[in-house]
Amino acid sequence: MNKILSLFLITILLISKVMSSSEECKLCTDFMYDSLNELIEIAINGGVIGSCGALCNKLGIAPLCMVCAIACDAVGINGFMDLLQDVFPDPIYICESVKMCQYNDKANATITEVVINPMSGNVGDTFKIGVSFNVTNTIATGEILWNVVDPRGFQFGETEVIIDAAPSIYGAAFSFQATPSEQEEFPPGEYQLQMQICEGTCGSPHPHSYILSNQYLNFTII
């Protein structure tokens, strides 16, 4: 389903008060990851903005404007602008600040296994990554982060948001294709896979953000 249509339908549920807290948080984080840079640009270059409506309507797409207005109204236009103009704008922290996501400063989790296949491969191969982790105290809103460091020290990776992960064993899978590009040449040598589980955003300086567990694994591209 088109992401904009999905946001519209979810927003209707939110307004009608039938959305769970986890669904509300996902709505906010999806919106912030997609629209944060545009909102920052509007906040910096949009002139005098005196209301949440004036800010959010500049997004130009009704579902995005609706989610923006819900978040902005929770803290007021001045509070929302402060969040957008922070030195380290953080989608999860913003969603927590506008009360659309929860946090748990006692969250606890341990990575139990990280695998990559193949352990030694060629340029052009697809590398599959797997991670298992044990949550022993609920992760309210956090991330799985994987990062690959090449032999020259350049990095690439992705994150996946975790919402309301109650104590249990969890797993996730990722992949990347080692196809050279302007961003990553994939030189031959030893690479390091870095895996982190976090409450909040991994590496964020904001409150309620910290690394719960990390693990490293080396692999080779020939």
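The first residue you see is number 1, and the count goes up from there.
Glycine is no exception: its Cβ is also placed from the backbone N, Cα and C atoms.
Counted within 10 Å of its Cβ, the other Cβ atoms near Cys25 (disulfide bond) come to 22, all protein chains included. Among the features that Swiss-Prot reports, disulfide bond is placed at Cys25-Cys101 (among others).
Marked as disulfide bond by Swiss-Prot: Cys28-Cys95 (among others). Within 10 Å of the C-beta of Cys28 (disulfide bond) there are 26 other C-beta atoms, taking all protein chains into account. In this structure, Cys28 (disulfide bond) is part of a helix by DSSP.
Feature annotation from Swiss-Prot assigns disulfide bond to Cys56-Cys68 (among others). DSSP assigns Cys56 (disulfide bond) to a helix in the three-state reduction.
Feature annotation from Swiss-Prot assigns domain 'Saposin B-type' to 21-105. When DSSP labels each residue, the domain 'Saposin B-type' (21-105) comes out as 63 helix, 0 strand, 22 coil, counted as helix, strand and coil in that order.
Neighbour list (Asn108 (N-linked glycosylation site), Cβ cut-off 8 Å, at least 6 residues apart, same chain): Val135, Thr136, Asn137, Leu212. Look at Asn108 (N-linked glycosylation site): DSSP puts it in a strand. Here Swiss-Prot flags Asn108 (among others) as N-linked glycosylation site, drawing on sequence analysis.
Note on Asn134 (N-linked glycosylation site): other Cβ atoms within 10 Å of its Cβ, all shown chains, come to 16. Asn134 (N-linked glycosylation site) falls within a strand when secondary structure is assigned with DSSP. According to Swiss-Prot, the N-linked glycosylation site annotation covers Asn134 (among others).
The Cβ of Asn218 (N-linked glycosylation site) has Glu190, Tyr191, Gln192, Leu193 as same-chain neighbours under 8 Å, each 6 or more residues away in sequence. In three-state terms derived from DSSP, Asn218 (N-linked glycosylation site) belongs to an extended strand segment. Residues or ranges marked as N-linked glycosylation site by Swiss-Prot on the basis of sequence analysis: Asn218 (among others).
As annotated by Swiss-Prot, signal peptide applies to 1-20.
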Self-check item: Neighbouring C-beta atoms (10 Å sphere around the C-beta of Cys95 (disulfide bond))
Solution: 29
Practice problem: Fill in the CA-CA distance, Cys95 (disulfide bond) to Cys101 (disulfide bond), as an integer in Å. | Solution: 5
Quiz prompt | Top Cα neighbour of Cys25 (disulfide bond) in the set of recorded positions Cys56, Cys68, Asn134 | solution = Cys68
Quiz item: Say you check the Cα of Cys56 (disulfide bond) against those of the recorded positions Cys28, Cys101, Asn134; which is nearest?
Solution: Cys28
Self-check item: Cys101 (disulfide bond) versus Cys28 (disulfide bond) - Cα distance in angstrom
Solution: 8
Practice problem: Take the Cβ of Cys68 (disulfide bond) and count every other Cβ within 10 Å, whichever protein chain it belongs to. | Solution: 25
